[in-house]
Structures are given as C-alpha cells and as structure tokens.
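Chemist: Quick one: this structure, given as structure tokens, is what I'll be asking you about.
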Amino acid sequence: MTGRSFGALGATIRYEALLSFRHRTVWLSLLPLVALIMVLGEFPYGRNRTGDIAAVGETALLINFLGSLGIAIVLADRLAGQRRPGLRELFGATPAGGLARTAGLVLGPWLIASVPAAVVLVSMGGWLAITSGGPGPLGAAVIGVLTVVAPGSLLLTMVANVAALLLPSAVARVLLVPFWYWATLLTPLLPIPTPARTVWSPLGDYQAAQWLEVALPGRTGGWLYPAVSVTSSILACGLTLAVTALAFLIGHAITTKGR
C-alpha cells in the first residue's frame, strides 16, 4: 500500500468509526453484554482469587469469549452491506482503493465496538493496581487487551463478515455461537476435532497463561499443545492474526468479485 492508500485507509476508518459511534444499535446491543460480563467476572475484583494479575487474565478470557461474540454479531454485515443498491457506485467514487476500503469498513466499527470491553478490563486493572499498591494489574490489563481480547475479537468479526457474504446475515449470526464455542471452549476430550486449548485457539489461553498468570488446563506436548512459553504464546497470537488476515483476504476477494 502506498502513502495515499494509507491515508485513504485512515480516512475510511475514521468515517466508519464515526458512523458506528452515532449508531444506537451498536450501543444498545453491546452495553447490556458488557454489564453481563461485569457481573459474571465479579468486577472489579475478578473471579480468580489467586492473584490480581490472574484475576485480570481470567476476565480477559471472559471478555474475549462473550464480548467478541457480541461484537461479531453486531458487525457481521459490514462487508455484505457493500452489495446494497447504490452503495457500490458510492464506494467506487471514494479515493480509497479496494483493500483500504474493505479494511476500513471493518476496522472502523470494530474499534468503536471494542471500546466498552477494553474500558472494563483496563478499569479493573487500574482499580486492582490502586488497591494492591503496584502497577502490575494495570499493565496486565493492557497486555490482555492487546494480546487476548483484540486478536480474538478481530478474528471472529472477520469470520462473521465472510460468513455473511456467503449466507444470509441472520443465519451467519446464529452459526457464530456454536462456531466460537467449538473454536475456544470445546473440550479436546470429546471425539470432535477442535482448536480449543491448542496454539490455534483464538481464545488467548497461551497468552493469558504466559503473561497474565492464568493456569492453562488440558494436555501439553506435541506441536498443537506445546508447553507455555514466550515462543508458544507469540505463536498462538501470530496464528490468530494470520487466520484473521486470511479471512480478510477471502472477504475482500468475494466483495471484489461481486462488483
């Protein structure tokens, strides 16, 4: 991408973010979900009593599971909306290129929709930092947002948009729930292949175990279940981002072909 393309991408992200910020449906859908997460996560102290950082880590995983699902359901039709009559011509008249426009259509609303959950986690980290007398929980909250919540949320949002291009939006939204459970929480003990609790899981288990002091349940050994380390945690996060990029390219190819 050239400098002009990056400028167009930034402008598209800002425009789409502003539209989403003014859209009441986004807030009416996500704020009750955030309130539920706060109740389930026992905000501001967290469910994990073994330590403040572990409490932040457990909450980050909870936010990634429930919050990411809510964000993806709300934003599932961002790319499919380009197919509406008149919008193709409108988008074609903008200075943003194809890739920049597609990325901006998803990233702008996703950034806005991600704010409430991120505020909850950072606020929790800040409160625990004050009560514990050290900055550790606040730093853990920032790490949780960047390595656990954001990658998982963006991945599911992209998958939702690709699914909505191939299926009716309502069907795609319904299917997201079992898909996310299969990808993140389904126990490997069941005779169903699943990325849950492996380095392929988008839940962020490895990152939470390495940097947020969360115990990682399940098997270890083999390339799918490596021991928790900096390398395996970076690998897990990198795989999530790689799958996100692949989903983005697929979605872009479908929308481009449909024009």
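Including glycine, each Cβ sits where the backbone N, Cα and C put it.
According to TrEMBL:
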TRANSMEM  21-41  transmembrane segment
TRANSMEM  53-76  transmembrane segment
TRANSMEM  110-130  transmembrane segment
TRANSMEM  136-156  transmembrane segment
TRANSMEM  223-250  transmembrane segment
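Situate these features within the shown structure.
Modeler: Note on the transmembrane segment (21-41): residues 47, 58-59, 62-63, 66-67, 70-71, 73-74, 109, 112-113, 116-117, 120, 124 of its chain, located 6 or more positions outside it, place their CB under 8 angstroms from a CB of the stretch.
Remote same-chain partners of the transmembrane segment (53-76), defined as residues 6 or more beyond its termini with a Cβ less than 8 Å from a stretch Cβ, comprise 25-26, 29-30, 33-34, 36-37, 40-41, 43, 45-47, 106, 109-110, 113-114, 117, 120-121, 124-125, 128, 136-137, 140-141, 144-145, 148-149, 152-153, 155-157, 159-161, 163-164, 169, 172-173, 176-177, 180, 184-185, 202-205, 208, 211-214.
Tertiary neighbourhood of the transmembrane segment (110-130): same-chain residues 13, 17, 20-21, 26, 30-31, 34, 37-38, 41, 43-46, 52, 55-56, 59-60, 63, 67, 71, 74-75, 136-142, 144-145, 149-150, 153-154, 157, selected by CB-CB distance under 8 Å and a gap of 6+ residues from either end.
Remote same-chain residues near the transmembrane segment (223-250) are listed as 102-103, 106, 147, 151-152, 154-155, 158-159, 161-162, 197-202, 204-207, 209-211, 216 (criterion: CB distance under 8 Å, separation of at least six residues from the stretch ends).
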